[in-house]
Amino acid sequence: MTTEDRLIQWYPGHIAKAQRQLKEKLGMVDCVVELVDARLPISSHFPFVDELLGSKNRIIAINKSDLAPAESLAKALEYWQEKGFPAVALNIPERQGVQELRKELQRFHEALSARMKQRGRLPRKLRTLIMGLPNVGKSTLINALINKRSMKVGDKPGVTKSLQWVSIAKDLELLDSPGVIPPKLEDQHVALKLALIGSVSQHSAPPIQLAELGLKLLHEEFPGYLQKAFGQDPIYLPDVGRMRNFLQKGGEIDLDRTAISFLSDLRSGKLPLLCLENF
């Protein structure tokens with residue numbers, strides 16, 4: 001992005017409040033499941049999270065694995081495992097990876113129970129924090145773990161507004177939290193990618209500007225992707241509108257409709273699978 005471009009920023013009040021509350025509750029937490037997005041599996045983790053969590057036991061769950069190519073998913077799993085974290089790939093609607101994650105949590109619970117037994121204390125539930133970017137699937141994961149739809153979920157960031165404890169089973173209690181995001185997105189290149197996958201609000205940047213920047217990024221960093229998706233590379237927003245016959249009266253291209261359609265297709269997987277990470 002250039003200095004002429006509007007900066008992409010989004011830090012709503014409910015997230016700021018919840019992150020303050022989160023710091024207060026961390027002392028009660030035994031384990032953390034950090035969800036990252038398979039389309040941005042490294043950059044959808046922020047360094048300040050490491051400072052926040054310290055040495056807490058952590059599992060990296062790479063969600064929306066069905067929206068990313070298999071080879072990039074394998075690289076992401078290897079990256080996090082080399083960092084010393086257990087890592088699993090999730091496709092929650094198909095329940096792929098959910099049992100693998102459950103086994104990792106069970107392993108942490110067994111270790112906790114052994115420590116408590118050594119201290120002469122009765123075992124208790126594993127208190128686990130579910131955290132990650134907005135719209136990464138935290139509440140959806142909790143619903144999958146309890147096998148029912150009990151928490152409000154949505155396809156836009158900011159659905160979960162406050163911290164919520166949810167009892168899963170005799171051995172597991174989960175703390176759901178609103179999305180975790182820095183007060184300021186310093187790296188605007190990463191901010192653009194977060195906006196493209198829908199991890200920041202649609203109000204963070206106008207759709208036309210975001211779509212144009214997205215097409216430019218895809219042309220520059222992912223050669224051949226636009227050719228595969230649209231049959232030409234580079235391609236510009238009016239070209240996409242013309243291909244989709246999004247015309248207004250007088251034959252002018254409806255750029256707003258085109259931008260919204262392009263962004264929706266990119267985020268939902270209707271376009272070819274893509275990982276925006278530069279491995």
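Note: Cβ is positioned from N, Cα and C throughout, glycine not excepted.
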Residue in GLY27, GLY84, GLY179 which TrEMBL records at the GTP site where ASN63, LYS64, SER65, ASP66, ASN135, VAL136, GLY137, LYS138, SER139, THR140 also bind: GLY179
Cβ packing number for ASN63 (GTP binding site), 10 Å threshold: 26
Secondary-structure category, per DSSP, in which ASN63 (GTP binding site) falls: strand
Secondary-structure category, per DSSP, in which SER139 (GTP binding site) falls: helix
Where GLY179 (GTP binding site) falls in three-state DSSP terms: coil
